[in-house]
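**Student:** Would you mind keeping the following structure in view while I ask a few things?
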Amino acid sequence: MSSPERKRKKRSLEPSPESTPNPSLPDDLIVSILARVSRLYYPILSLVSKSSRTLVTSPELYKTRSFFNRTESCLYVCLDFPPDPNPRWFTLYRKPNQNITEKTKNSSGFVLAPIPNHHSHSSSIVAIGSNIYAIGGSIENAPSSKVSILDCRSHTWHEAPSMRMKRNYPAANVVDGKIYVAGGLEEFDSSKWMEVFDIKTQTWEFVLSPLAERFIYRSLVIEGEIYIFGDKVVTYKPKEDRWGGVGEHQSMDLGLFFHSYCVIDNVLYCYRPGGIKWYESEKRSWRKLRGLKGLSKLASSCVKLADYGGKMALLWDKYIPCSGNKSHSISCAVVSLERCKNQGIRGKVEWFDDMLTVPSSYNFVGALAATL
Amino acid sequence: MSEGDLAVMKPETMKSYIWLQTADGSIQQVEQEVAMFCPMICQEVIQKGVGSSKNHAISLPQRVNPAMFSLILDYCRFHQLPGRSNKERKTYDERFIRMDTKRLCELTSAADSLQLKPLVDLTSRALARIIEGKNPEEIREIFHLPDDLTEEEKLEPLKNSMDDPRIRLLNRLYAKKRKELKERERLKNVEVEEHVDERSVDDLLSFINGRDHKAVKMSKGKKKKKKKKDQKIVSSNNIHDKESHDLRSKQQCVEEIGSSMREVPNLLSAEDDISTPNAGSEDEDIDDEIDPAMRELLDREVEDFAQRLNSNWVRSLGKERRPVHFSINGNGTTRRHTGMVSIWRPCMFTLF
């Protein structure tokens, strides 16, 4: 009687499940589905209904994303439009209303969309997790100790504890979830030259710095070690509380060009007119990044590189000839990177496109990726 | 029937089958190891001791219709067997979710009510991928969400925040005018009041749009001032003057924004045809005699350097933090070193 053939004996009584309307899914299920949708599509979701609009900025959704390990890197771009003191923030999204079937050949389908809120001053910027920290800088032409946080989930700003010192565009770097800021002091004082913000305790502490550099041109982090380039090169490894010079890596600095550099997976990349190079620390030399076929010409004075979740985001501007040199267009490319057999690194252009048109008086503050 | 009940109560058969009832009332027997793959059924059996007989069949949740339940059993039957390779499982899963969106929704819902997490994961991922290619209208349909956003609200995320400075400026101008008006009314100065009345919105707009070249020149001139101290004195001595200077600077910004930034909102909508020059186009006009990109490159380098210097330099001089923004961008003057050009130029046209 309990033969397997009998187990489905009554199933045929309901031949047409299609007769019932599609049952609406419970809310938590919708959350769990939308949490798996790439954040690039969230502007589209915000056009669906009131509930979905609320949902895409809710902490609940982002909690679910991280629970499902669905967090992804989201690109943010900060531009200054002087004399407006407020920098503008943009983030990379998919274009809403993009008709997939009619996608034009030239359109990447990406857009740098302005985020609705902006904070009140220009500053140094770093990202930790889903937050972007705007640190120091100038408010009404005076150095500031202010620290603002952009919560990239809801695109709202709030204040973090201020630094101990007022700092004018300090070098800000993140090591092990702590923010190390250096320089930018009004009165040079090596004992107050560096301070660190612990996001867990929400406190700023000074870092004793025997090798303070008065002027900082650029800074970066490789393998948990902060490199600060001034007249000399100073390194600091917080984990070991070890300070050092960087004599052997002098060529690292020489190859750097403005602020067109970034560190991805502990490899330093830099744009120089003609191409992108990467620093091979074993050989202490710069090597050309191969590949990049899609970017046939990239000659711009303003190129920004950013670690975009292990890929490289490249942003550059160029004159719009017909605008009488009054406008620039900002373009973006995403390049995936892979190690080759010969120890080299190859880049592959995933896409590139024009993103924004801006007045030529703009300043490119920076580009960075938050994890959401 | 009673015989049957007895039969399933025998230990060896008890392990084999579980009685389940779907929402439509139909009852069926399912191999225990398959049914128990669903945590919800497993809990019922363990906690309530039901499912061992037809009379004590486990009632499945409303959301599990017979068609979906049969699919879910297929899934369980495949996955509960040990010894399958990950590749096999993956291939099976991929094939398993090949169905239309409506059925996929039903399946997700049913699997969710049976707490069958791996299947919910699978179908949710599939639905997420489907949604990534859909427009708002289609997503609304999939989830049965109401179209409750007004047309205005739908435009909101596309709104151009670039309009802000203009609006802010306008508001500030209005506020200023209102303040002046009040002041003057209090002073009962009829002449001035008439003058104020003449300033229509159009006038303000034309002022903002930069037709008042005198003002622009003035602000540029001011910005060019190298002596920061002077500027500081001017601005601190006369607050009103500072304010108008501020406004003129704003105006310049707006002038530029006005001419170019209007495109920004359009970028968000694919329907709007913006002629975006292709980044990869070969006919880029960078090969001029004076090569703007080159000039700019040098400008930026100078600017960058100046900015660095300024951050210290300025400390001693005054409060102007970023004068380079103005001096470089204001008129595009170049302070390039001829030697540098000859060095840089060959690099510039080396292509990737």
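Glycine is no exception: its Cβ is also placed from the backbone N, Cα and C atoms.
Found this in Swiss-Prot, in case it helps:
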COMPBIAS  A:1-11  compositional bias 'Basic residues'
DOMAIN    A:19-65  domain 'F-box'
REGION    A:1-24  region 'Disordered'
REPEAT    A:131-177  repeat 'Kelch 1'
REPEAT    A:179-224  repeat 'Kelch 2'
REPEAT    A:226-271  repeat 'Kelch 3'
REPEAT    A:273-312  repeat 'Kelch 4'
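In the displayed structure, how are the listed features positioned relative to their neighbours?
**Tutor:** DSSP labels the residues of the repeat 'Kelch 2' (A:179-224) in these numbers: 3 helix, 19 strand, 24 coil.
Broken down by DSSP into helix, strand and coil, the repeat 'Kelch 4' (A:273-312) contains 0 helix, 20 strand, 20 coil.
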**Student:** By DSSP, how many residues in the repeat 'Kelch 1' (A:131-177) are helix, how many strand, and how many coil?
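**Tutor:** Across the repeat 'Kelch 1' (A:131-177), the residues distribute as 0 helix, 28 strand, 19 coil.
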**Student:** What does the DSSP secondary structure composition of the domain 'F-box' (A:19-65) look like, as residue counts for helix, strand and coil?
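**Tutor:** Summed by class, the stretch gives 29 helix, 0 strand, 18 coil.
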